[in-house]
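Written below as structure tokens is the structure these notes are about.
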Amino acid sequence: MTPGSTRNGYAPGRLTVHSEPAKLAPVTRALRGAGRKIVLIPTMGALHEGHRELIRHARRIPGSVVPVVSIFVNPLQFAAGEDLDRYPRPLEDDLQVCREEGVDLVFTPQVEHMYPPGSETRIAAGPLGDELEGAARKGHFDGMLTVVAKLLHIVGPDVAVFGEKDYQQLTLVRRMVRDLDFPLRIVGVPTVREDDGMALSSRNAYLDPEQRRAAGVLSRALVAGTSVSARGHDEVLAAARGELASEPDVEVDYLELRDADLGPAPASGAGRLLVAARVGSTRLIDNVPVAF
Ligand code: AMP
């Protein structure tokens, strides 16, 4: 246990930090047994306003909620050559955010806690795990689902909260929970954006001012696309592509229309417009709902 902790691993109204799964698990189990509702918010840290919104959302869930934030930069979901080493890890700032937002429990495991030697079992995301983000990031979703499954087992939440910002992640987590009979509810929270529409992301910190300005085109393109949804799929994609073309330094990886479960785009009903692009060496993603 680390600063702020108590003998029984939990103190109402105070932040308690655990890094060992075997120490946290009995704490949440006991709280659940006492009728509290455990709500898990998994993050990789570098907490921003988007994460704060997830925590606020968690706290508004009816019942006697105990919000649990996990902070873990999961090596399994980074491919070779990605930003695992340079990913920001401002732990003290993150703990301060959690304090300000009224979080009771923070889980900050080390890699050795989550993947001790000999730990080789992985969750397979299935075909959707190889599409969209998965096409560019091999193994990303298997690694993400593996850590989410472990977090769900360790914490045993009644509810877990995820952002729509990572829509494919949210979709795959929902599917895993359904397919593998995890006994909890998954809640999705709409994306929190900057004033110019840009989705907040820990990776935005990599952008220099000119790249940050150019990156604003992603959300503008999505808005341009959705604004012509009454004219059909081709017009949506053309409008979004036209906007993206206005920033030559933004290298588009994909722009796709899908249905709300990320299957083929529907002729009518709820769809999703998704984009991924590189700005310099930084990969950015965004998505919005679109109705047909
Ligand atoms: P990360 O720390 O980037 O792994 O994100 C942790 C959680 O926060 C995920 O469920 C993300 O989808 C969510 N999240 C990240 N950015 C935002 C945002 N701008 N708005 C809402 N949720 C977000």
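Using the three backbone atoms N, Cα and C, a Cβ is placed for every residue, glycine included.
As written in TrEMBL, here are the features:
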- His51: active site, proton donor (ACT_SITE)
- 44-51, 163-166, Val192, 200-203: ATP binding site (BINDING)
- Gln77: beta-alanine binding site (BINDING)
- Gln77, Gln169: (R)-pantoate binding site (BINDING)
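The structure, with features from TrEMBL marked on it.
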residue	record	contacts (Cβ under 8 Å, 6+ apart)
Met44	ATP binding site	Ile71, Phe72, Val73, Asn74, Tyr87, Ser202
Leu47	ATP binding site	Ile71, Asp93, Asp94, Val97, Cys98
Gly50	ATP binding site	Gly163, Lys165, Thr191, Val192, Ala199, Leu200, Ser201
His51	active site, proton donor	Ile41, Thr43, Val69, Val97
Gln77	beta-alanine binding site	Arg137, Gly139, His140, Phe141, Gly143, Met144, Val147
Glu164	ATP binding site	Leu170, Gly188, Val189, Pro190, Thr191, Asn287
Gln169	(R)-pantoate binding site	Phe141, Met144, Phe162
Of Met44, Leu47, Gln77, Val192, binding-site residues neighbouring ligand 1, Cβ under 6 A: Met44, Val192
Packing count at Ser202 (ATP binding site) (other Cβ atoms within 10 Å of its Cβ): 19
